[in-house]
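Asks: If you look up TrEMBL, you'll see C:Asp127 marked as active site, proton acceptor. Residues or ranges marked as ATP binding site in TrEMBL: C:Gly10, C:Arg72, C:Phe73, C:Gly102, C:Asp103, C:Gly104, C:Thr105. The annotation Mg(2+) binding site is assigned in TrEMBL to C:Asp103. Residues annotated as substrate binding site in TrEMBL: C:Thr125, C:Ile126, C:Asp127, C:Arg162, C:Met169, C:Gly170, C:Arg171, C:Glu222, C:Arg266, C:His272, C:Val273, C:Gln274, C:Arg275. Residues or ranges marked as domain 'Phosphofructokinase' by TrEMBL: C:2-298. According to TrEMBL, the site 'Important for substrate specificity' annotation covers C:Gly104.
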Number of protein chains: 4
Amino acid sequence: MRVGLLTGGGDVPGLNAAIRAVVKRGEGEYGHSIIGFRNGWRGVVDGDIVPLSRNHIRNVLPVGGTLLGTARFHPHASDGGLDAVLATLEAERIEALICIGGDGTLHAASKVAEAGVKIVAIPKTIDNDVWGTDRSIGFDTAVGIATEAIDRVHTTAESHNRVMIVEVMGRSAGWIAVTAGIAGGAEVVLAPEEPFDIDKVIKFLKHRHRAHANFSIVVVAEGAVPAEGTSMSYETPVGQFGEIVAGAITARVKAEIEQRTGFDTRVTVLGHVQRGGSPVPADRILGSRFGVAAIDAISRGETDVMTALRGDEVVLVPLQEIAGKVKRVPSELLQVVRALA
Amino acid sequence: MRVGLLTGGGDVPGLNAAIRAVVKRGEGEYGHSIIGFRNGWRGVVDGDIVPLSRNHIRNVLPVGGTLLGTARFHPHASDGGLDAVLATLEAERIEALICIGGDGTLHAASKVAEAGVKIVAIPKTIDNDVWGTDRSIGFDTAVGIATEAIDRVHTTAESHNRVMIVEVMGRSAGWIAVTAGIAGGAEVVLAPEEPFDIDKVIKFLKHRHRAHANFSIVVVAEGAVPAEGTSMSYETPVGQFGEIVAGAITARVKAEIEQRTGFDTRVTVLGHVQRGGSPVPADRILGSRFGVAAIDAISRGETDVMTALRGDEVVLVPLQEIAGKVKRVPSELLQVVRALA
Amino acid sequence: MRVGLLTGGGDVPGLNAAIRAVVKRGEGEYGHSIIGFRNGWRGVVDGDIVPLSRNHIRNVLPVGGTLLGTARFHPHASDGGLDAVLATLEAERIEALICIGGDGTLHAASKVAEAGVKIVAIPKTIDNDVWGTDRSIGFDTAVGIATEAIDRVHTTAESHNRVMIVEVMGRSAGWIAVTAGIAGGAEVVLAPEEPFDIDKVIKFLKHRHRAHANFSIVVVAEGAVPAEGTSMSYETPVGQFGEIVAGAITARVKAEIEQRTGFDTRVTVLGHVQRGGSPVPADRILGSRFGVAAIDAISRGETDVMTALRGDEVVLVPLQEIAGKVKRVPSELLQVVRALA
Amino acid sequence: MRVGLLTGGGDVPGLNAAIRAVVKRGEGEYGHSIIGFRNGWRGVVDGDIVPLSRNHIRNVLPVGGTLLGTARFHPHASDGGLDAVLATLEAERIEALICIGGDGTLHAASKVAEAGVKIVAIPKTIDNDVWGTDRSIGFDTAVGIATEAIDRVHTTAESHNRVMIVEVMGRSAGWIAVTAGIAGGAEVVLAPEEPFDIDKVIKFLKHRHRAHANFSIVVVAEGAVPAEGTSMSYETPVGQFGEIVAGAITARVKAEIEQRTGFDTRVTVLGHVQRGGSPVPADRILGSRFGVAAIDAISRGETDVMTALRGDEVVLVPLQEIAGKVKRVPSELLQVVRALA
């Protein structure tokens, strides 16, 4: 069997673990040929392939990024893109395709599946907002990096009596902000799930600095927004690739806090470091399990599904169940943040 | 309300996160008095208490160990122990008790609960074998440490063409061995769940070194045992505290491999480093969530339960459901090890 | 003997190691009383003291920041500041003063020394630009953090075919940029020591992307500037505290690269994370050695000196030799960067 | 020019940085051909070569071990070994040879140099005991690993009121023990430089546990020995490769402490993890600088020297000056240990 494999969207740590698992299991157990496409869907459109063997995957387990390369490119959004995809798959005699990606890639995957291609998807995103799975590849490493950053600014905040604001990724869901906020002991976490009232934030900080400690850590997801009808007006600015402009919300929050409290307030925008580097064990294991599950599913003819983690188990979820949904942080976790502030 | 709190059994990273959560939530939300007992059940027997306030828990989130101290001590196993526990709890007017511990501590907790004390338990063990919860506090940090060690010996194995054996903890269940083995890319993992056949291990290593690579990583849980009827006889040696003697099984496996393959074979016994140091984010978060859940349960009168993680949710499980059960590594995970060897 | 102790300027990892060493050695070997001042020179002006004993320094070795607090405050620059310092020292019967700080603090120290106070200085700065010593406290930890960040963006750069620019600290000297650049394998490093020609940078990147690899890492010190007479004009912008505005030079370099090469170019400004968190061993050791050397010097009557590392030895350097000098990166190191690009 | 390159002795982190620097600088600046020999001197004897180009050294900077492989093999110690070396070098038209190694490899290098081969040596050893240089490649990473281990057992020691003994490498010199001991805040450090008196160790521990704290960390170099005429007799046991048997001295010290104090005492033998994994920045930088300096020296005809770090400078030291000497820990550092106990 000839099985195609691509990684799409932003790179995250743990992709190589999944690629390695697909190749080792596919070749070793089933004798499949695994055909990699370079740079995500663009490689499928362009017919840019690399047949993968055990040699390609030596020592890649602890390495971040993706050995296949990746790109933010959606075939169904470009003229003739879908046709080019089908043409390449036919020319290469690809019988099934494994797509590792976030919601953009998964959306493209469902479009390609509708055109008759057999697909198994593997979820990856540091935002952890893919519906249907407890975890996506890359999230745990990002939380590790964000927590380390919070630990670091913590000692500075305390030594200098400052408010330190740390901006982390999270466009539609605040998973990194909330979990790293809990792990780092942040006093305030602003997440997209709960539009915030800046008046309450400032009241809380003033009270804390008066009563308990003269420093604070505030963690802000890039997609955090003020609640309607509150005193701070804000429109999320969007950049040339449709991404949220880094540092925008944080700069506004800093200005409000500094002006209204007089506290020395500093900002750290974590940015790209959140998605790179060696994956933590959880992402290596998740990538490995998802890779094995994906090739196993294809081999027994189960397609148009996504691999998913539920508790301690890996399961398969129909692709169409996922489309258009976002997994948000549950209220229990948001409450833990408040309980420990 | 006066709520007692103790940590028992071996120390693990993340205990302080749980203590901090109990104190912050208990004091801040409910106005409870949190009374800590020093050194586990021994402190209850001896009446060795420390009333906990916000001052005790400043900056403890990233710190390993337990600020309360701990001990391997079982009140029901010592003469008059249970009576002493009840006497102290009455003298201190403790209305409910939060016990953070592994199976020894939880077993003691169920005995004390049977005597009429209201108890909420929080599971901790780097072995991750407490039944009823996906994760126990300490496990994820241990996996991180074990994986880092495997990464380290990997480069030596490859540079010197060696077989490197790494022994990790895991008495009745091989959670650390299997997950760190997957994360570190081990070729062979020996876990208690599947008694091994040394002949097969040696055949596999010989084949690998002939066909693919001239080095290998073997991860062995301390509780691994040969299968009955296979060529290697072995009786797990037990030390003065009832613990498995460190390095015992690994020394035997090394001898077999070295003698029968001629490969240069070296051993690393990780030991105590697996249970110390700063907790990874997952353990800080789990400790924080369990601590909040425990004090919330007590405050609404729900006792004789254990906090548990199920997927993304924290739930409560009746204490009596847990007793005497061990959570073993599921076969899907064991299969991932083999798929990627 | 009553010995004063303060930490001034920006906080760095390793300060607590020095404080601990002064207290342990001062108390244990000599029976001195160590009197800490809170928040640097401000605490001396305000008479804000904390007598330090072994209890204050328990478990502080692995903790970043400074338990004494710190501030950017120069007594000689404020009206009556110097008099207030002398008044406090007399009131507290301080016989000698240990000042841990960077060039601001050391400059203040030399002014106070001129007024007759016995002083031993200990150099700290993540910039590593204090003259007279191979290393200052905090530098090695900062290099570790910057290198880890470069490692992380490396995998993203390669996966996405991007130019990644990382801005690190270094106002007058490029120690972090150069050493982390070498350690992280950066293709281009821009340091204050060698004003750059943007035309050459762009020519180099174009050549590399054509001939060798389609990604690059560029490390920029905040104090980097274009050479006079080259095509890029730039005035280093300065903020309200006299600090260089974070991200300023990097934004300009990014714009130039992107416009003139068309390469997808992204920026990471590391900022405050570089100066926080648990110190690496080198900074714990340096802090410990400097602390012991400082109190030893005072105890044998050798003052108005700074502790310094020279090779493997700790020596004492007269304070007046240091004033007004900046230790820059030697040309051999700058050449290693170019050799390995 | 054809330049040979080998790595000999035990592998350490940072070797790949040196190999990469030799290749990049040798090829890029001088147009040399760099011929690698596999597995140290054995590869020279066997003529096992690999011509190195930029492709071999991509992404190796953060990777531990050595891409050339290594072996503990001394050509002058085997019959006809030296002749075989000379024959290979002539057959491959090697004009000069770069040898990266510890004292065994350097000793072989000086023998080969005496036979007329032009040699530049680069020192590597986690023991840091090569004479003539402040640092050897691998040492700083080993100190990082040992310090992390001490940090980890520290929390366990404190939580359980134990004496924790950590054995680290260091046969003739106690560099790792002393520096990691200082960095980790050990109470007692036993190093080969100062044979110990077990009576004094036990007296110190008893005093400490009575007066200050009921736990202690003891760091022991594998080469530590009791002083003559003291109460503990001990002969260092040596294994089949001439190495000190791991855990031997520590087991004895543990037994003495436990029997004579009654303190619960546990042992951790770090072993192989000390020499593997990703190099810390200091080792990547040292390897890079030494690699550049070695190829520069060869290119200008300066041979029979070793690259060395002196303070902030890289210098060249005549090979014959080094032979037979061991660099020991200076007394100032040993005194810092005692000052901070």
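Just so it is clear, glycine is given a Cβ too, placed from its N, Cα and C backbone atoms.
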Asks: When DSSP is mapped onto helix/strand/coil, what comes out for C:Arg275 (substrate binding site)?
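Replies: The three-state answer is helix.
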Asks: Expressed to the nearest Å, what is the distance separating C:Arg72 (ATP binding site) and C:Arg275 (substrate binding site) at their Cα atoms?
Replies: 15
Asks: Looking only at the domain 'Phosphofructokinase' (C:2-298), what is the model's average confidence as pLDDT?
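Replies: A mean pLDDT of 95 is what the predicted model shows over the domain 'Phosphofructokinase' (C:2-298).
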Asks: Residues other than C:Gly10, C:Arg72, C:Phe73, C:Gly102, C:Asp103, C:Gly104, C:Thr105 within 8 Å, Cβ to Cβ centroid, of the ATP site?
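Replies: So the extra residues in range turn out to be C:Gly8, C:Gly9, C:Gly40, C:His74, C:Gly101, C:Ala108.
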Asks: Measure from the Cβ of C:Asp103 (ATP binding site) and count the other Cβ atoms within 10 Å, all protein chains considered.
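Replies: C:Asp103 (ATP binding site) is surrounded by 22 other Cβ atoms within 10 Å.
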Asks: For the binding-site residues C:Thr105, C:Met169, C:Arg171, C:Arg266, C:Val273, which residues show a Cβ-Cβ distance under 8 Å to chain A?
Replies: C:Arg266, C:Val273
Asks: If I take the Cα of C:Arg171 (substrate binding site) as reference, which of the recorded positions C:Phe73, C:Thr105, C:Asp127 has the closest Cα?
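Replies: Among C:Phe73, C:Thr105, C:Asp127, C:Asp127.
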Asks: Enter the number of other CB atoms within 10 angstroms of the CB of C:Gly10 (ATP binding site).
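Replies: Here the count is 24.
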Asks: Output, ordered by sequence, the same-chain residues six or more apart from C:Gly104 (ATP binding site) with a CB under 8 Å from its CB, or 'none'.
Replies: C:Gly8, C:Gly9, C:Arg72, C:His74
Asks: Which of the binding-site residues C:Gly10, C:Phe73, C:Gly102 has its Cα nearest to the Cα of C:Val273 (substrate binding site)?
Replies: C:Gly10
Asks: If I take the Cα of C:Asp103 (ATP binding site) as reference, which of the recorded positions C:Thr125, C:Asp127, C:Arg266, C:Arg275 has the closest Cα?
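Replies: Of the recorded positions C:Thr125, C:Asp127, C:Arg266, C:Arg275, C:Thr125 has its Cα closest to that of C:Asp103 (ATP binding site).
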Asks: Just how spread out is the substrate site if you go by the largest Cα to Cα distance in Å among C:Thr125, C:Ile126, C:Asp127, C:Arg162, C:Met169, C:Gly170, C:Arg171, C:Glu222, C:Arg266, C:His272, C:Val273, C:Gln274, C:Arg275?
Replies: 32
Asks: Across all protein chains in the structure, which of the binding-site residues C:Arg72, C:Arg171, C:Arg266, C:Arg275 has the highest Cβ count within 10 Å?
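Replies: The residue with the densest Cβ neighbourhood is C:Arg275.
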Asks: How far apart, in angstrom, are the most distant Cα atoms among the ATP-binding residues C:Gly10, C:Arg72, C:Phe73, C:Gly102, C:Asp103, C:Gly104, C:Thr105?
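Replies: Those residues reach a largest Cα separation of 12 Å.
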Asks: Using a 10 Å radius around its CB, how many other CB atoms surround C:Phe73 (ATP binding site)?
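Replies: Summing over all protein chains shown, C:Phe73 (ATP binding site) has 21 other Cβ atoms within 10 Å.
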Asks: Can you figure out which of C:Gly10, C:Gly102, C:Thr105 (the binding-site residues) comes closest in space to C:Thr125 (substrate binding site), comparing Cα atoms?
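Replies: Out of the listed candidates, the nearest Cα belongs to C:Gly102.
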Asks: Nearest by CA distance to C:Phe73 (ATP binding site): which of the binding-site residues is it, out of C:Met169, C:Arg266, C:Arg275?
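Replies: When the Cα distances are compared, C:Arg275 comes out closest.
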